[in-house]
Structure formats: C-alpha cells, structure tokens
Amino acid sequence: MENRSDFEADDYGDISWSNWSNWSTPAGVLFSAMSSVLSASNHTPLPDFGQELALSTSSFNHSQTLSTDLPAVGDVEDAAEDAAASMETGSFAFVVPWWRQVLWSILFGGMVIVATGGNLIVVWIVMTTKRMRTVTNYFIVNLSIADAMVSSLNVTFNYYYMLDSDWPFGEFYCKLSQFIAMLSICASVFTLMAISIDRYVAIIRPLQPRMSKRCNLAIAAVIWLASTLISCPMMIIYRTEEVPVRGLSNRTVCYPEWPDGPTNHSTMESLYNILIIILTYFLPIVSMTVTYSRVGIELWGSKTIGECTPRQVENVRSKRRVVKMMIVVVLIFAICWLPFHSYFIITSCYPAITEAPFIQELYLAIYWLAMSNSMYNPIIYCWMNSRFRYGFKMVFRWCLFVRVGTEPFSRRENLTSRYSCSGSPDHNRIKRNDTQKSILYTCPSSPKSHRISHSGTGRSATLRNSLPAESLSSGGSGGGGHRKRLSYQQEMQQRWSGPNSATAVTNSSSTANTTQLLS
C-alpha cells in the first residue's frame, strides 16, 4: 500500500465538510461534527481520516451510525487503506472530553428513559383498562410502540457508536438498526395520519358507522406493512467494514453502499431520500393540517340550532379535548423535525454554510431535537388527558410527591340526564313485558333520571343517575343476582391492589350513590 498523507481529489472526489452536508445523508454530518469539535478542543488539525469516517444514513433514518464514504463499489479495501495511511500525518483520538460525555449522556440517556418508559406505560394503560380501549387509543398504542422501538433499539446503540466511534454489534444489527429506525418513523407518521382521518370521519360525518376493532387492527397492519416495505432497502444497502487506525485498535464502521455508487454520489440514494422526505414529512403535514382545520371549524366555529342536552354538550367538549391533544402531538412532531429537514435542504443549496465554525454544535442540537420527538407524546397524554394522568399516577404512586386522589368520572356516564319535561311537571312511562316492567321517572326540578327495573325471575334494582360510573348494573335476564360494574378508577386500583380492594371501593361508592338517590 502506498502511503499518502492526503486523499487525491481525482480518485476520491471532494471529501470536505460540505461533502458530508448533503441533505440526502444528514446523519453523515454528526460524527464529522463531533470529530471537528473534538479536534478543535485539542488544538490539532483534523486529519483526513476524521472526514472520511463519518455518519452516513438516509435523511429520515433516525440514526447516527458511523460509516465510510467509499469512493466506489468494490474499492472498500483501498479506501480503508488510504484512510489508515492518512492517519500517519496526525493523531485522531476517538475520545470525547469528559464534560461533553457527561452532557450528551444526560441528554440522550434522559431522552431514552423518558421515551421508552413513557410509551410503554401508555401501552400498558390502554391494554389493561377496558374503558381505554377506544379506536383513537388503539392508534395511540401503535404510535407509542413505534416511538419506544426507535428510542430503545436504535438511539441507544447509536449513542454508544457516537462516543466510541466503533460498531461492535455486528453486521446484522447494523442493518437491523437502520431498518428499525426507518420502520419506526414511517409507522409513527402514518399512525398520526390515521388518527386525523378517524377524527375527521367521527366529527364531520357522525352518521357514518364508527370504525370497528377489526377495522382498526387491519389499518394498523397496513401501516406496519407499508412501513416495512419502505424500510426494506436499509436491510440491503448497509454493511460493516473494519478500518485500521494507527495507534489504536481497528474500528468497525457501519455504512450504506448503494448499487449505483457510493453515498452522496448515488442517484438511487437521492431518489429514495426525496421519496422518504415527501412521504414522512411534507405529505403528512399537509394532510393533517387540512383534516384538523376542517375538524376545528366544525367543533369551534359551528353553532347548534335549538337546545342541547347536557350529554350532547359534554360530547362536544370531549371531542374538543381529544382533538386539542392530537393537534399538540402533530405540532410537536412538525416542530421537532422541521429544523432537521430544513438544515439539509439549505446546506444542499448553499454548501458554504457548512464551513461555519458553529455548524457542528448546531447540527448536534438539531439532531437531538428530532430524536427527542419520541419522548414528548407520553408527556402530552399525561398533561391533557385525565385518564392517562390517573394511570401515570397509579404507576408512580410509590413516589412521595405523587398523590393519586380520585379519577374523574366518565363524563359520558356522568351526564345521562335529559331536560325533556318542559310540558308537564311529572310524568311516568310504564313499559310492560312478560318478564320485565320498567318505570322511568323524569322530574323537571332535577337533571337526574332514575330508572328502576324488576326482572320476573329475580329481583334486582338498578339505579342510574348522573353520578359516577360506580352504580350497579342489573344481572342477566335469567340470573337473578347482580354484578358490579367497575369504573376506570376501580379497574386501575384492582390492577395494583387486588380484587378485594376494588370490591371494597365499589361497595362503598355504590352505597353512597344509592343513599343520595333515595334521599
């Protein structure tokens, strides 16, 4: 191997910083940025090897994997030898100053813990509580799974890769890590679009049948299937290569190798990345802006003719709360990823920007902001939804500063009253059957509606009012006894304290409700 202190431009093209700033390979800038900052902190010039070894992935890959920008397919060995030879002209210690290691460890470690733990708690709350198993919440579970995947299976390993500049996890996981990154972001974005469409249909066209659980699962399957197909190239183009470094042990790099040429010089890569940025950012943002704008006009801009029942009013308020929460989720997504995409579009048009002295630290901040999007959704759910908030309190009730309290009752069950007795002060409606007769008492002085039913085979009283959901529900038509219907609060307490505790809460609350009704 011929020792050369510098790469020849004729053989290897432009290996300057701007070459790594191409928007089609944004993550390629990250390790170069850290290398430049590292070199500047040691007051030593950055050798060519520091520019040759760089993170290079697709523009929406959610990852930062160290890789080599190879000159051409089949020249891997020559590029590695030339990179190693260039190390003879300077020293490049793959060591980040300790204070920067602490800083980035806090930022990335905190992000991984909050994103993974928070999203898994959201999944647990929905899947273990019957009252939370709604169409929108199932989509939220899908979104949480995708966010938990990228934070635990991709960010964690890439953070180690950033610090040590070595990929010790093997070639298979090099491929799998990039595949998971692309799969997760596609699934997240498509799920957000599905939620916006579901809210649009439910609010704009309320007479259409609501989405069934089977349809919900089918849509989730289509989302993951489409995301898998889009992410498949990651399993094909990524590979690992061992690169010798003078004075240090060999380093293994994980990099993309496109069939028609190296990264930054591949037409296939450019077309693929353009498709990805359209499908996973611009198209979803436009789609969700249109749907939520139409929904917002319907919920906040339209007026109802005539008087509304309290339940109708509360239904509108409930829909507004859900839409507000999802709009915040979409806004956070757009804000987190806008600087990321803007950076690479701008630097592709104006490469000179990449020579600015502050560009390295700026990119690190932009990258962390984009990756941190996965940790904000659980915080938003806990902040804007009382049931998710109660579920989080139950999980962290062992903390001294957490007070569980009582869960707000279901508003849909709280308001079962109807102001329908404007004609006469009192009226009774009696319905007789062979096995059952029911009497409905409606009183204008109270919004409460009491219904007492007696079965023919056995006697069981059911009192339904506008108070909590802890009221009793009658047993089957032929059973005789009665069974208690657990509220959301009781379901959560039963998960943590056992059935005896939930039964005690049910009995006490039911007795209180019955006393209040009869009084």
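Glycine is no exception: its Cβ is also placed from the backbone N, Cα and C atoms.
Swiss-Prot records N-linked glycosylation site for one of Asn61, Asn264, Asn433, namely Asn61.
Comparing Asn19, Asn250, Asn507 with the features listed in Swiss-Prot, the residue bearing the annotation N-linked glycosylation site is Asn19. For Cys174, the cysteine that Swiss-Prot lists as its disulphide partner among Cys254, Cys308, Cys336, Cys349 is Cys254. Membrane topology taken from Swiss-Prot puts Pro97 and Met211 on opposing sides. Looking up Asn22, Asn42, Asn513 in Swiss-Prot shows the N-linked glycosylation site annotation sitting on Asn22. Between Cys399 (S-palmitoyl cysteine) and Cys174 (disulfide bond), the C-alpha separation comes to 39 Å. Taking every protein chain shown into account, Cys174, Cys254, Cys399 are the recorded positions, and of these the Cβ with the most other Cβ atoms within 10 Å belongs to Cys254.
Secondary structure from DSSP puts Cys174 (disulfide bond) in a helix.
Here the topological domain 'Cytoplasmic' (124-134) has, by DSSP, the following mix of helix, strand and coil residues: 7 helix, 0 strand, 4 coil. Only pairs six or more apart in sequence are counted, and the transmembrane segment (101-123) with the transmembrane segment (362-384) gives three or more Cβ pairs under 8 Å, enough to call it a contact.
DSSP gives Cys399 (S-palmitoyl cysteine) a coil state; it is part of no helix or strand. Here the listed stretches are 135-155, 176-197, 218-238, 362-384, and the one with the most C-beta pairs under 8 angstroms to the transmembrane segment (271-292) is 176-197. With a threshold of 8 Å between CB atoms, the same-chain residues lying at least 6 positions outside the transmembrane segment (135-155) that come near it are 62-63, 108, 111-112, 115-116, 119-120, 122-123, 126-127, 177, 180-181, 183-185, 187-188, 191-192, 194-195, 198-199, 210-211, 213, 216-217, 220, 223, 322, 326, 371, 373-375, 377-378, 381.
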